[in-house]
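Asks: Supplied in structure tokens, the structure appears directly below.
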Amino acid sequence: MTPKVIKTIAAMRRQSRQWQREGRSIAFVPTMGFLHEGHLSLIRKGRELADVSVVSIYVNPTQFAPGEDLDKYPRDFERDIRLCAEEQVDVVFFPSNEEMYPGGYQTFVLNESLSDKLCGRTRPTHFKGVTTIVAKLFNIVDADYALFGRKDAQQALIIRNMARDLNFRTEIIVAPIVREPDGLAMSSRNKYLSPVQRQQALVLNESLRRVEALWREGERDLDRLKKEMATAIESRPECRVDYISFVDADTLENAGDDSKKILLALAVFVGNTRLIDNTLLQR
Ligand code: AMP
């Protein structure tokens, strides 16, 4: 069945309250639309966990800096609705900018420890926009579960900590990265890549797999691993490393000898398109 499309905050709140009166649990997947299998995996997991499912489609302007791709971010609402229908989504929340940020808007939510690390170095205002919109959406949808992808590992950690710190009742679930058959992590931004860039973008996944293999063999020299990755990536003419970081998976501080769970995260410009990927290395 085609999902119900709700565009106002008041109507979304009414819907959630009605479900709650009926004793139905709610799973929520926030997205910026242009859905792919990564999003659908979150929707499916939500359907397993809860009685009803809500997907938001909103390209949030406050998480884009001037000069970033806000205006050309890919959109295809009709296709998104079709995919949501196939996944038996109950409601698509599709608000306008005026609905989310009316004139006089003044309040932002900021994680003060993690927002300037990793992606925050290149995108200093990004996570402030993310935490603000997700806090607003959590208040509006009032879900039992919200699902996020590990593709955006820093985002997932920041949101988990926000939900804890601000006492949101919504339980945060983080699901694995979904990849194309050739290994490229799915992303709406993959659409920007030319055929040559699409081919060269495989180096992100390949270099992660290579480090995983060396790690399994016992290599622990993080500088060496990083250099090897950078060399592999920069050998592709379209690719330029933004960052390659080995960090503690909980604090995002540089990994040390005592880090148990290391997040290896990277961002690479492929042409003008900035792609991210990551993996976890366990000691
Ligand atoms: P976006 O529409 O890019 O804001 O992503 C919405 C949600 O889908 C976020 O929680 C992302 O982490 C998640 N997501 C995006 N791509 C993937 C992927 N390839 N695998 C798993 N989750 C993903």
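Glycine is no exception: its Cβ is also placed from the backbone N, Cα and C atoms.
Annotations in TrEMBL come from automatic prediction, not curation.
If you look up TrEMBL, you'll see H39 marked as active site, proton donor. Annotation source TrEMBL lists ATP binding site at 32-39, 149-152, V178, 186-189. Marked as (R)-pantoate binding site by TrEMBL: Q63, Q155. Marked as beta-alanine binding site by TrEMBL: Q63.
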Asks: If you count other Cβ atoms within 10 Å of each one's Cβ, which of the binding-site residues M32, L35, V178 has the most?
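Replies: Counting Cβ neighbours within 10 Å, the top one is L35.
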Asks: Measuring Cα to Cα, tell me the gap between M32 (ATP binding site) and Q63 ((R)-pantoate binding site) in whole angstrom.
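Replies: Cα-Cα, rounded: 11 Å.
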Asks: Can you list which of the recorded positions M32, L35, G38, H39, Q63, V178 have their Cβ under 6 Å from some atom of ligand 1?
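Replies: Once distances to ligand 1 are taken from each Cβ, M32, G38, H39, V178 fall under 6 Å.
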Asks: Looking at Cβ-Cβ distances, which residues of the chain lie under 8 angstroms from H39 (active site, proton donor) while being 6 or more apart from it?
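Replies: Correct list: V29, T31, V55, L83, G149.
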Asks: Expressed to the nearest Å, what is the distance separating S188 (ATP binding site) and Q155 ((R)-pantoate binding site) at their Cα atoms?
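Replies: Per the Cα atoms, S188 (ATP binding site) and Q155 ((R)-pantoate binding site) stand 16 Å apart.
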Asks: Looking only at Q155, S188, which of these binding-site residues has the biggest number of Cβ atoms within 10 Å around its Cβ?
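Replies: When each Cβ's neighbours within 10 Å are tallied, Q155 leads.
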Asks: Quick check: in three-state DSSP terms, what is Q155 ((R)-pantoate binding site)?
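Replies: It is helical.
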Asks: Reported as an integer number of Å, what is the Cα distance between L35 (ATP binding site) and Q155 ((R)-pantoate binding site)?
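Replies: Each residue's Cα considered, L35 (ATP binding site) and Q155 ((R)-pantoate binding site) end up 18 Å apart.
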Asks: What Cα-Cα separation, expressed in whole Å, is found between Q63 ((R)-pantoate binding site) and V178 (ATP binding site)?
Replies: 23
Asks: Do you know offhand how many angstrom separate Q155 ((R)-pantoate binding site) and G38 (ATP binding site) by C-alpha?
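Replies: Cα-Cα, rounded: 15 Å.
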